[in-house]
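To start, the structure under review is shown below, and the notes come after it.
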Amino acid sequence: MAQIPEMDSGEKRLNELGYKQELRREMNLFKTLAISFSTMTLFTGITPLYGSSLLYAGPAALVWGWVVVSFFTWFVGIAMAEICSSFPTTGSLYFWAAHLAGPKWGPFASWCCAWLETIGLIAGIGTQAYAGSQTLQSIILLCTGTHKGGGYFAPKWLFLCMYMGLTVIWAILNTFALEVIAFIDVISIWWQVIGGLIIVIMLPLVALTTQSASYVFTKFDMATEQTGVSSKPYAVILSFLVSQYSLYGYDAAAHLTEETKGADKNGPIAILSSIGIISVFGWAYILALTFSIQDFGYLYDTSNETAGAFVPAQILYDAFHGRYHNSTGAIILLFVIWGSFFFGGLSITTSAARVVYALSRDKGIPFSSIWRKVHPKHKVPSNAVWLCAAICILLGLPILKVNVVFTAITSICTIGWVGGYAVPIFARMVMAEKNFKPGPFYLGKARRPVCLVAFLWICYTCSVFLLPTFYPISWDTFNYAPVALGVGLGLIMLWWVLDARKWFKGPVRNIETQNGKSEHKCLCPESLKQQEH
């Protein structure tokens, strides 16, 4: 008699939580780690914001800011790893919020968390598409002779086309090629590790001169004339933004738990491993760029070889042109960085579609019946993929007229994405311990102090991304994120008050009963206890 294979521990826990297995569970720890690491990525956070963060307060604030932010990020990651171990569902954060907040506040907590996370992830696709296009713009410029040599600097309409093209490519791959994505993400982790090592080691060696350690670690230099920021504490706060923007995305492992073997163990491992890798490599990348600066003032000169548009590209150009009198090396390394944006955008599209799919499965999005459909052959939420891509393209349309689009999209992405972390972490901190069923990764008595530090850090992070980044404030320098988020979240809350609170009860189970009918009911703590026993 054939022996029935033992049910995967992650699938067993998923059934206990009220969900049937619908997606393919074929991701192992390494593949999940690859996608999680690719979502964070080594270059995609640091590269686009490096120049502005360096300008605010000089190298010391930038370098030590990464260390400070990394330290507090560990608290957030540890708190999330414990919750992920207990709730390995693709709905992840908003499912966690619903259960942890209890039957009274669960639906509202789930609603807030789901929409914050959805907004953050979709804007996250836009940040990768924008920064990837910016890198490609610099590659084209250097390949055609540099700004000084009459090279081609892509105009806004072409920049928008590159932005849209990347978004569409990511959507196509996410629709038809989940196995290919898993393979690409394995390539991604090696691409970034090997590429990162090459840049970190080679760049300071190639540069004709390097800055002294005292300059890199102790130099504090404000550029009030360029930024308009005259307060030293405020300048330091703004210089930390590059680190705060870079050090999140590790929850991607949680979004893939319904597709990961042993997700109750491998999900937390992937989250914490991603933070550890990016903390070390990210700091090394910042140090390599900073040590290799040839002329600080020249980096921001609009008449330089990269048109003053992309500081890391100018650092690479100065190093390789100074040594070899050509820009070939800089172009190759910029291509490595561009590859990182490509992989990052692909992974974030995967995560965003999973969250939209999960929220649609629980009827939390208008026309949910459309967005929750799974492709019959490829077993991926294809409609959710294209919804995310379409909204991302709409977010990029102001590129044609507005100069601060990246600032706004970055702020919306960070506040939505990181803000979504705060809801389940706060609920975990205040809930009664008897209502929590721990997974293999459990904090015990340490959970309250860990969650408190994590929650306060998230509140601080969201606050600073609403601040103006340049003075005096004008239409060209205004941070539009507070307005965009205020309108968006205001409409979502109004929808809740007027209508959604009457029917949205948080995640609903989709396990079929013995008579074959699908049963849907709220997954409050009491009902889960009955299922588990």
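Using the three backbone atoms N, Cα and C, a Cβ is placed for every residue, glycine included.
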From 29-51, 98-120, 121-143, 305-327, the residue range that TrEMBL assigns the feature transmembrane segment: 29-51
Quick tally over 63-84, 380-400, 477-498 of CB pairs under 8 Å to the transmembrane segment (269-293) gives the top stretch as 63-84
Between the transmembrane segment (157-183) and the transmembrane segment (477-498), are there three or more C-beta pairs closer than 8 Å, counting only pairs 6 or more apart along the chain? no
